[in-house]
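Working notes, structure below.
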């Protein structure tokens with residue numbers, strides 16, 4: 001029994017002896033050098049592995065690698081980029097921030113909070129920059145740095161500039177609204193308000209820049225010119241007159257397409273010069289004198305060409321004569337004038353007529369014409385120049401004869417002629 005009892009403690013001692021040796025051996029194998037950390041998967045045959053990017057291990061040990069310090073969180077610049085064996089070293093504060101000198105672990109504060117005399121905040125005028133650019137250096141692992149964002153405190157100069165902008169913008173807005181209001185008021189009174197200079201047509205490609213409808217009245221302006229100018233001063237009347245002229249032009253094109261156009265033969269030297277246009281009346285009584293290379297109406301350029309009515313053109317081409325025939329039957333479908341009126345010009349619904357003076361006698365006065373220094377009515381040729389308007393045929397009579405309007409011999413008073421302008425159903429008597 002005794003030998004067995006002695007063997008038991010000995011055997012236990014021999015069994016427990018290898019455990020401390022084994023423990024020491026395993027403990028020394030798990031110590032990793034700087035820049036490495038223990039491998040948690042020892043099945044690959046390695047006990048330590050390198051530190052991942054963005055981490056470091058500065059001494060021997062079994063602890064895992066630690067991440068690098070982030071200087072952006074402390075509002076500091078990176079003085080030295082971290083490696084696998086060394087942490088990132090932070091330097092001075094960002095521009096516009098202040099902090100304890102030589103203590104890189106303490107976060108920096110904005111200069112707007114700093115008292116007077118703090119180093120680094122005097123040159124910035126105690127203002128912090130918005131969106132400060134960070135000197136972000138790419139680390140060995142390629143970690144990106146995010147710039148910080150700070151608050152901004154305005155100084156006296158910046159505040160004054162903001163107040164100036166706030167005061168100027170409403171002033172310009174009010175000036176624009178005032179200009180629009182004044183322009184609308186002028187338009188209601190009949191003025192022409194434009195934002196640019198109007199260039200009128202001229203022989204040299206330029207003009208005076210004034211609308212012809214708004215020019216001052218000329219002393220030598222004829223009666224029809226005054227009437228047309230007064231009518232075209234209103235936009236509604238001008239638009240209606242344009243429609244009438246378009247309708248008249250369309251009728252003229254239809255009529256001239258079915259008959260040949262007769263040309264004006266050269267006139268003899270003793271005949272007075274006639275306007276080459278031959279498409280409008282210069283005065284109520286007939287053709288007017290010339291002023292320069294063209295007629296007075298064309299030189300003034302205050303209205304488009306006023307053409308003869310379709311009835312007058314048809315009467316001229318069908319039966320040309322020197323004197324108007326008062327007994328001629330009006331054309332079917334044409335608008336007849338009122339009793340006692342003599343039509344001077346008719347364009348669509350626009351009609352200019354002459355009203356003789358109505359005497360108190362029982363009979364209406366008649367307009368008589370006589371021919372002076374010329375052949376008798378029986379000797380007049382039938383059609384000396386076919387295709388000419390009536391007023392030009394009266395001027396181009398043979399032998400220099402001319403007609404004259406006479407009053408009845410019973411009356412010695414001056415006859416007053418009144419003219420009426422009819423547009424649709426409304427009349428304007430002058």
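In case you wondered, yes, glycine gets a Cβ from its N, Cα and C as well.
These come from Swiss-Prot:
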- 134-143: compositional bias 'Low complexity' (COMPBIAS)
- 149: N-linked glycosylation site (CARBOHYD)
- 223: phosphothreonine (MOD_RES)
- 27-162: topological domain 'Extracellular' (TOPO_DOM)
- 184-430: topological domain 'Cytoplasmic' (TOPO_DOM)
- 163-183: transmembrane segment (TRANSMEM)
Local confidence of the topological domain 'Extracellular' (27-162) - pLDDT mean: 75
Local Cβ density at residue 223 (phosphothreonine) - other Cβ atoms counted within 10 Å: 15
Reduced DSSP assignment, residue 223 (phosphothreonine): helix
